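Pulled from TrEMBL:
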COMPBIAS  1-10  compositional bias 'Polar residues'
REGION    1-25  region 'Disordered'
TRANSMEM  54-71  transmembrane segment
TRANSMEM  134-158  transmembrane segment
TRANSMEM  164-191  transmembrane segment
TRANSMEM  203-225  transmembrane segment
TRANSMEM  245-264  transmembrane segment
TRANSMEM  297-318  transmembrane segment
TRANSMEM  330-350  transmembrane segment
TRANSMEM  362-380  transmembrane segment
TRANSMEM  392-413  transmembrane segment
TRANSMEM  425-450  transmembrane segment
TRANSMEM  462-486  transmembrane segment
Amino acid sequence: MSMNTTTSQVVPGGEGNIQNDSSATMCKPDAEIRSKLSWKTRISFSVGHVLNDLTASMWFTYLLVFFHLVLRFDNSLSGIVLLIGQIADGIATPFVGLQVGEAYSNPAGQRRHQGSKCYSGLLANFGPRKTWHFFGTMCILASFPFIFMPCVGCATSSQWAQVIYFSGFIVIFQFGWAAVQVSHLSLIPVLAHDERSRTELTALRYAFTVASNITIYAMTWVTLGVTGASQQVVGPEDTTDFRDVVLIAVGIGALFSIFFHCGVDEVKHNQVYYSSMNQPNSPSAMKAFDWLKEKQFYQVAVLYMATRLFVNLSQVYLPLWLQDTLQLGATSVATTPLALFVSGFLTSLAMGPLTQVVGRKVVYLMGALIGMGACVYVWFGNGEFFQTYGVYGVAALYGAGGSTMLITSLAVTADLIGPHVESGAFVYGAMSFTDKLSNGITVFLIQYLHPCPSCCPECKPYYVMILALVCGGAALLALMSLATMIPLDIGVLPKGYQRIASDTEDDVTPETNRNISVMA
């Protein structure tokens, strides 16, 4: 369905930023305009990352548990396995971002009539982002199940030989994961054109991320409970339990990926961007490497990296803290992370309204302080009450703080991109590169510096220091980055690289008359 607008013009920001020559005023993106993004599209977009969310939950929460406690790899080799994956992911993300950006380097008319060597044929109907999403999904489905199964035909080989075996599947998985993540994130500025709608779309996406994590932990809880491991620490006898959870997870993720591709029409929404790009007053296009000259790009990158460090490290080391330090039962590695993500889910529901009241920066500050409160609780917590009930309070604080920081940092990244969706995939890829590399190196160093190959009473405080000091340090780094952005209006760039209008902006810009068709 299309809406014909006479004597008006769409400027960057797409739906809702309509300038009328007769009044020389810019209309705010009101509820009627925002409603053009239907709930079908919103929900379909939000479930497009479920496969990634399910596999990431297994990867970050249970990879070290599986390799160290189930396969009996030593600490440093377990860290190397995760580092290999993070490096592969870090390299893949900017590559995919550049490829998606290249697909939009030609004007819309040229690409429509000339076609694309990379995106011709049936997949041309998807659009480049959805094409990469589809390709990444296939890579994940073909590789991820093998990561959580014993080495096929080489279970008795040396650990280094098994690392080489697993590395092949890990590289394929991480390349696919990066393709899905970057292509999916880069759709946010295409679909949502103002601050409020981007926050809502990001929060809805994160709600499904939390639901995916809850699904993984619930399945793990049921699986370990059924096998009678609830009062035991995780060990080699739980191999089949992890295999079953992974197979169910990839099946669920594949189903939601189908929903995504059926419900989101990237090609239609791209036409809004191309219409605005061809207007006389449209901002200059941002090429991928133009971003490297912008100070805000690096400030947001540090904020996003520190946020991901806090979220991922708390997710990785919470189960090991429960098992090695507190010596709790096997089901604790499911129930406590479950509390973390339930808390995160409930927090995500309030993100949109709260951001409208106090703004992104204050919301992020609140999230970081809550997260640092969790670190303090881990450091000082002890005793039977703490082990029985306090661990769930720790998890709730990590979940609330982490989800607030993550949702806000993603929305800030979308603000930075603004109308420059032609290079949005590169920006998300670059942000993800800093995230993956920093997480991989940090986890490797933590595992390498572990005081002993197999845990003993003397090394129990080790994971307390990781959760309290390293995660707390990441939150502090994020706050330092946030402090540098207090006087800035994120997305306002020099040299004509303009930010789109938000809900609170009242720009007045006279325009020439023009008849255009805006795809709803």
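Cβ from N, Cα, C; glycine included.
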Recorded stretch, among 134-158, 203-225, 245-264, 362-380, 425-450, maximising Cβ pairs under 8 Å relative to the transmembrane segment (392-413): 362-380
Dominant neighbour of the transmembrane segment (54-71) in 134-158, 203-225, 462-486, by Cβ pairs under 8 Å: 203-225
Intrachain residues whose Cβ lies under 8 Å of the transmembrane segment (425-450), provided they are six or more past its termini: 64, 75-76, 78-80, 82-87, 89-91, 93-101, 129, 178, 181-183, 185-186, 288, 291, 297, 300-302, 304-305, 308-309, 312-313, 316-317, 413, 416-417, 459, 462, 466, 470
Leading stretch by Cβ pairs under 8 Å, where the reference is the transmembrane segment (297-318) and the options are 164-191, 203-225, 462-486: 462-486
